[in-house]
Amino acid sequence: MDQAAEQPRKCPGLNCENDASTLQCPKCKDMGVESFFCSQECFKRSWGEHKQLHKSTNPLRNFVPPKVVSKVDPETGTFNPYPTFPFTGPLRPLYPLSPRREVPKHIPHPVWAADGNPRYSFAKRNHIDILDEKAQNAMRKSCKLAREVLDTVGAAVKPGVTTDQLDEICHNACVERNSYPSPLNYNNFPKSICTSVNEVICHGIPDQRPLKDGDIVNLDVSLWFEGYHADLNETYYVGEKARSNPDIVRLVETTRQCLDLAIAQAKPGVAFKDFGNIIEKHAKSQNLGVVKTYCGHGINILFHCAPNVPHYAKNKAVGRLAPGMTFTIEPMINATPSSRDKTWPDDWTSVTVDGAPSAQFEHTLLVTETGVEVLTARKEDSPGGPIPMPNSDKKDEKADDAATTNGTT
Ligand SMILES: [Zn+2]
Ligand SMILES: [Zn+2]
């Protein structure tokens, strides 16, 4: 993400100071050499000199190769900032990112707003906070607002809308509610929402790519209101094509069910490590893979804290649920049995290694005396929501169970 956009390339014409256009010397092109001229006139004028380059046994002699240059679309001014990166699927980042959005001064800013550093102390890493009634009510409030924000953004999902436009909607909806969008500048994340399209597992950065009919997109909203963080996400179908693709529907609906099944078992005394068994069992029944790198987490006055809540089976998470705890469950499930992920050079965007789509759902939960209260629960009129599963045809391939490190989303 710190990798700045390259300078526009210069015309190699004789004594020419102009920027290059998309006009390329056909001979150089055949030789696999980039030489873009500013104009036909300049190309003709420079021909005598330029053609010498073609004769050379080494076509690169006397030719200063441009640095790896992102090809800027002349119509839209957009470009892929990592043209040589081995992407795992069809999705590409589409820059430039929009300028950083500001949160008005009258809204309290968390510590990372200034320099990106959340300054977490890990002294209490295994201590799980129990919230008193006042703090529980504060969590209820911030989670209710976060649900409103997610619903506002979710309602805007349709083909043609860019993820940057969704970021703007999220940012404004947070600000209207006197809330700071927690992701903004958190460890230098540049935007106010995570938008994870298709093969993106999580932490997708909103950019200039318009959503396409047939995409799925996860919207992960978190906000900070009166000192308390709320965190939830849902995956949405983009257009009818997505809703009528049986593999996509099976992925998205199974992931939704994974979260619901885990929540249904949540009550005081249950171990945090048990959720992974429930989730992986259900995912495997549909031949889907469970991501291991990112986990659910405690959440309160801290955005991310103990407990750590893995979504895969046989994990070693510490602790049991007790009344007053607040935490998230947020399974990330892949359309193939592979659980493996890879990160783009922006240091955020996590994708499946095989380029297969991935879905996710998340709630913030409060442990009560008898179960959990879903603080970020859907409302009757919330956009999105379950659609019928296609007839399942289970396959029996062996699940990929390569282990990776535990992170937090
Ligand atoms: Zn989240
Ligand atoms: Zn989370």
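These residue numbers are counts, starting from 1, taken along the chain as shown.
Note that Cβ sites are derived from N, Cα and C of the backbone, with glycine treated the same way.
Worth saying up front: this structure is predicted, and the values here are computed from it rather than measured.
Binding site for Zn(2+) 3 per TrEMBL: Asp220, Glu362, plus Asp231 from the candidate set Asp207, Asp231, Asp347. When TrEMBL records Asp231, His297, Glu362 as binding Zn(2+) 4, the matching candidate from Glu176, Glu199, Glu253, Glu330 it lists for that site is Glu330. In sequence order, Asp220, Asp231, Leu232, Asn233, Glu234, Leu259, Gly296, Thr328, Ile329, Glu330, Thr376 are the residues near Glu362 (Zn(2+) 3 binding site), counting only same-chain partners six or more apart with C-beta under 8 A. Asp231 are the binding-site residues among His203, Asp220, Asp231, His304 whose C-beta comes within less than 6 Å of an atom of ligand 2, given in sequence order. According to DSSP, the secondary structure content of the domain 'C6H2-type' (8-61) in residues is 19 helix, 6 strand, 29 coil.
Close to ligand 1, meaning a Cβ under 6 Å from one of its atoms, are these of the binding-site residues His203, Asp220, His304, Glu362: Asp220, Glu362. In this structure, Asp220 (Zn(2+) 3 binding site) is part of a beta strand by DSSP. A mean pLDDT of 79 is what the model gives for the domain 'C6H2-type' (8-61).
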